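Here is the structure we will look at.
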């Protein structure tokens with residue numbers, strides 16, 4: 001039975017949501033990074049290079065944008081999943097072997113990181129093109145579930161039996177297999193549809209229901225993270241409740257399909273004239289920019305570096321959570337990673353609400369400014385400040401990731417979006433290399449002062465947090481300049 005346009009494009013959004021939920025296998029790296037460091041006998045600098053490797057794959061993410069122009073979207077997503085299968089699968093099979101060298105790990109992780117770009121490209125295109133009049137809302141919903149990836153993977157890992165008591169092997173196996181299984185399952189729904197027959201009233205109602213489901217899912221993730229800390233909620237209970245809430249969105253396209261069938265039956269009895277009013281989202285006039293023209297635009301470089309000094313910096317912090325937690329003597333790194341994942345989920349969801357509030361009140365909350373404050377809070381060695389700052393940075397990083405998709409379209413147009421956005425996110429590997437490498441050098445300097453291979457105490461990352469906080473202040477200033485330029489162009 002073929003789906004009607006309204007139910008079909010919602011089915012595509014549900015498929016996108018499920019893909020995004022599992023498309024962050026790199027986000028669980030902090031959980032097993034310490035064990036991997038010990039297992040392979042690598043230094044802190046080399047470990048940071050491995051964290052950077054996943055981001056390095058994004059340097060070639062624009063290939064996925066080009067492929068999406070000529071290849072069916074399900075195939076694009078499947079290619080990305082296969083890259084992850086090879087990248088993490090080979091590591092799983094050979095991680096115990098002395099023949100698997102550091103540079104092998106780097107290249108395999110980079111391949112898996114590039115695979116993430118392929119799946120993201122499919123998800124972004126489906127959200128933007130299937131919901132042209134509600135693209136910001138659709139993107140916020142879809143990308144919010146990417147924030148759940150670390151939570152999903154940690155819950156799965158804690159639920160399933162350990163493989164030879166190796167935390168690293170457990171996560172590597174999940175990272176390799178889960179994306180392929182989900183991609184194959186949702187592939188039939190990953191299609192673009194004509195929205196001419198889409199009813200805005202039914203779409204708005206469906207979005208409200210979807211927001212309620214999404215908020216409930218995020219609340220479940222946060223409660224699960226807090227519950228695991230307090231030991232009153234088991235990993236199995238967390239996984240079951242999360243799985244049920246992740247499955248609930250499928251009821252929306254089913255309900256729309258049933259409603260369409262009911263309308264068809266009524267139309268047989270009564271001939272009616274339907275007047276359809278199209279409510280288009282008003283945005284600034286988009287200038288279509290692509291190719292080398294993009295690199296000649298001052299707005300691109302303002303956007304590039306403002307993202308690097310804010311959102312990318314947040315990702316670097318999250319990549320280093322394992323070592324940060326270990327240096328402060330925290331035993332359960334997975335709890336901290338789950339916390340950042342859960343708040344990142346809400347961060348990705350909030351922009352659509354915040355944009356509406358800002359338009360009505362004339363006020364807005366600076367995400368980069370909030371992140372800078374969180375880094376300076378980390379200068380205090382108390383555990384409560386670490387948890388609070390992790391939640392703030394996770395939220396702000398998630399929000400910036402979500403906003404970046406819509407901002408790319410508004411600044412440079414929708415025609416070349418798939419390629420343009422992948423060029424923009426190349427700031428992530430650049431920033432990850434610079435900030436990650438520098439923090440590793442400072443960490444090793446503190447460790448050498450103590451005459452040990454690892455560093456313990458709040459001073460291990462003290463200078464790093466101060467530098468990251470100052471960098472976020474620079475990012476905030478760049479965002480202000482970009483906003484003023486965009487605002488003046490809109491008013492002219």
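Glycine too: its Cβ is placed from the backbone N, Cα and C atoms.
The stretch that TrEMBL tags with transmembrane segment, taken from the ranges 262-280, 281-299, 300-318, is 300-318. Check TrEMBL against the ranges 170-193, 338-361 and you find transmembrane segment recorded for 170-193. Among the ranges 43-66, 67-90, the stretch that TrEMBL annotates as transmembrane segment is 67-90. In TrEMBL, the transmembrane segment annotation falls on 239-256 of the listed ranges 149-166, 239-256.
Spatially, the transmembrane segment (239-256) is not adjacent to the transmembrane segment (300-318); fewer than three Cβ-Cβ distances between them are under 8 Å for residues at least 6 apart in sequence. Same-chain residues lying 6+ beyond the ends of the transmembrane segment (67-90) with a Cβ under 8 Å from its Cβ atoms: 19, 25, 104, 108-119, 121-122, 125-126, 172-173, 175-177, 179-180, 182-184, 187-188, 190-192, 418.
Same-chain residues lying 6 or more positions outside the transmembrane segment (463-484) and placing a CB less than 8 Å from one of its CB atoms are 299, 302-303, 305-310, 313, 316-317, 366, 368-369, 371-373, 375-376, 378-379, 435, 438-439, 442-443. Against the transmembrane segment (102-126), the recorded stretches 170-193, 300-318, 384-412, 424-443 differ in Cβ pairs under 8 Å, and the greatest number is found for 170-193. In summary, the transmembrane segment (424-443) lies against the transmembrane segment (300-318): three or more C-beta pairs, each 6 or more positions apart in sequence, are under 8 Å.
Same-chain residues lying 6+ beyond the ends of the transmembrane segment (384-412) with a Cβ under 8 Å from its Cβ atoms: 124, 127-128, 135-136, 139-140, 143-144, 146-147, 283-284, 286-290, 294, 297, 299-300, 303, 307, 310-311, 314-315, 317-318, 321, 324-325, 328, 330, 336, 339-351, 354, 367-368, 370-371, 373-375, 377-378, 420-421, 424-425, 486.
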